[in-house]
């Protein structure tokens, strides 16, 4: 079965084709994928502008679809089903992909299914070279979400913890903006932190010893105050008198605080549910400091960590195609009505 996946939940336009008959140890059925990022568009504003995101998806969907067909060397008539991101995300952006996908499926007389964006991230590591077996704990960490989930099977999800305010990725972006770094903040903070001392400044770890929920708003405030009160930080009010080492130390200290919080919660979650496999997915999962720290700390408790392939860490169509395939195989499909859900708890998903 060839499934076209469409991802338009935020600022990436991602399309991919998953072919269940081409699953090998090398590509796990990914026939091809194309991805267009709107980073340059939104960098001018320091963050994603929803209306601009929607309009850009509209401009890019058809050209990217044609490019994907050419890359895979197939025609549209060879597509067997369509999977599109139904939510959560920016409602206008979601609607562009949903309407394109549902219309294409109707025209080709093939089934279509709306996919949960975060389930796509959760299942993306199953497309890797060393896919984890259920059950496992999953840390879904991105610009819009920070979730700890006990996954017992596809659609069998138990929320162990989540952010009660800002997501970890959002905190990265805002801290980067305070330091005068360009959007997106996560990769730029990580790059700057490489030359910094993570022990230079002490930052709080909110709710570290209070269950499995997360809170990053206090950390964001602490970074703001640190930058404001530190000479030569290059941040708000200090831009003309900046010291590269001071800025690198702040970035490294901030990154270490976020990573320390995430890792300790993951270890606690694994112990709480008596599992030994951790899956980490979402844009922040690409952070090398997070990966190294997780591998070191999980080795101490005889647990393993699994990631999505590098190209599938950020938003992409491949994860949507694969998640859609799994649900289509279980006999699930949507009717002609198109609906998108900006907020959608994963616990509401049906089991496969």
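From the backbone N, Cα and C atoms, a Cβ is placed for every residue, glycine too.
Taken from Swiss-Prot, the feature Fe cation binding site applies to 117, 121, 315. All protein chains considered, the CB of residue 117 (Fe cation binding site) has 29 other CB atoms within 10 Å. The DSSP secondary structure for residue 117 (Fe cation binding site) is helix.
Sequence annotations record features per position, and here Swiss-Prot assigns substrate binding site to 140, 141, 142, 143, 144, 173, 186, 287 based on sequence analysis. With a 10 A radius on its CB, residue 142 (substrate binding site) counts 24 other CB atoms from all the protein chains.
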Roughly how many Å lie between the Cα atoms of residue 287 (substrate binding site) and residue 315 (Fe cation binding site), rounded to a whole value? 15
Long-range same-chain neighbours of residue 121 (Fe cation binding site), Cβ under 8 Å, sequence gap at least 6? 140, 142, 281, 282, 308, 319
With every protein chain in view, what's the tally of Cβ atoms within 10 Å of the Cβ of residue 186 (substrate binding site), excluding that atom itself? 26
Compare all C-alpha positions of 140, 141, 142, 143, 144, 173, 186, 287, the record's substrate binders, and send over the largest distance in angstrom. 17
Between residue 117 (Fe cation binding site) and residue 144 (substrate binding site), what C-alpha distance do you get in Å? 11
